[in-house]
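Taken verbatim from TrEMBL:
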DOMAIN    88-185  domain 'Pre-SET'
DOMAIN    188-323  domain 'SET'
DOMAIN    339-355  domain 'Post-SET'
Amino acid sequence: MAKTKQDTPEGCASLDKDFRELISAKQGNEDEKEDCHWCQLRSFTTHKAAPITVVNEIDGQTLPQNFRFINGVVLGAGVSAADLSFRSGCTCGQDEDCQYSGCLCLADLDQDEASDDSADDYSEFDTAAAAAPLLARKKAYAYHIHGSKAGLLRSKLYTSKLPLYECHQGCACSSDCPNRVVERGRTVPLQIFRTQDRGWGVRTQESIKKGQFVDRYLGEVITSAEADRRRAASVVYRRKDVYLFALDKFTDPRSLDGRLKGPPLEVDGEFMSGPTRFINHSCDPNLRIFARVGDHADKHIHDLALFAIKDIQKGEELTFDYVDGASGDSEDLDGKMEDMTKCLCGSSKCRRFLW
Ligand SMILES: C[S@@+](CC[C@H](N)C(=O)[O-])C[C@H]1O[C@@H](n2cnc3c(N)ncnc32)[C@H](O)[C@@H]1O
Ligand SMILES: [Zn+2]
Ligand SMILES: [Zn+2]
Ligand SMILES: [Zn+2]
Ligand SMILES: [Zn+2]
């Protein structure tokens, strides 16, 4: 496939500006480096192994100039991570222990819901006797550990609304712990491309297995009041909603933790985000968004992690359901339809409108 100018620094904006950026990058001018999409992407630690490219073979549009690529969430005014004194992690002696119910990181899981040993996990063992010691321990974490599905999300979770609890920097285990899938980050090279009819979209440059982690949805983490203010300031109110995701997995008005009583914080990916901000909606998607928690003291700022729920071929467009199947019945929408955006996902399960 022919690459367009946006794959290179020369394609970032006007040639004059890029020329200045190239020179200033050599001179180490950090401000100007931040100004260039390609320079932002190139600065990611994942850039060599799993680069993000941008192509437009449809029209002359470039990525929004007021958009900046980031590789971690940015905490907005009035939002903070937990104080050091509240942070904790597991004390597991071996990485392998972090898959079982004794691991403190998995302590908040409903064990019956989460436990799901499948024969597939033990296929590498020659005899049932060899697998028995492992089967005797209650497996509790979200991923397969053994066999061809190692590191992939358990099938039981594809349709569940359970959060994923992972190990993190505060844990005694190593960075190779099997329960650090999201923490280790994206491994798949992605391409932002111009679609025929839905603006930008994202496709994968490698095949992705069902259950594989793809990337996090990043953005500014803002208070609910700030999110309301941004919605009100947006010219088209509902358009703003597609970039805002509420961090409400643990919101409970009865919570003893004031940060979880609600209303929840929200992530705004419109102006700062990763490639996932360009993923389009489908009513029959190949990705699904999950709440992921590292340190339990940071439940109020939990991650939003996108996993494949189907096998995806190299070159296929990535999609997720923006409302996770929760949209109203279009039969109830008579009279409001002219204000709504038609869904162009093209699937046979299409619900006709985005909002
Ligand atoms: C989060 S953005 C996705 C990236 C977007 N296509 C862009 O160019 O920036 C959501 C916007 O993409 C478009 N979009 C996404 N999925 C769509 C779909 N299934 N049908 C029609 N438009 C869609 C709508 O304009 C929507 O407001
Ligand atoms: Zn552990
Ligand atoms: Zn661990
Ligand atoms: Zn841990
Ligand atoms: Zn649709």
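For all residues, glycine too, the Cβ spot is worked out from N, Cα and C.
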- Query: Who are the long-range neighbours of the domain 'Post-SET' (339-355) in its own chain, taking Cβ under 8 Å and residues 6 or more past its ends?
  - Reply: 197-198, 238, 241-242, 280-284, 319, 322, 327, 330, 333
- Query: By DSSP, what is the split of the domain 'SET' (188-323) into helix, strand and coil residues?
  - Reply: 28 helix, 45 strand, 63 coil
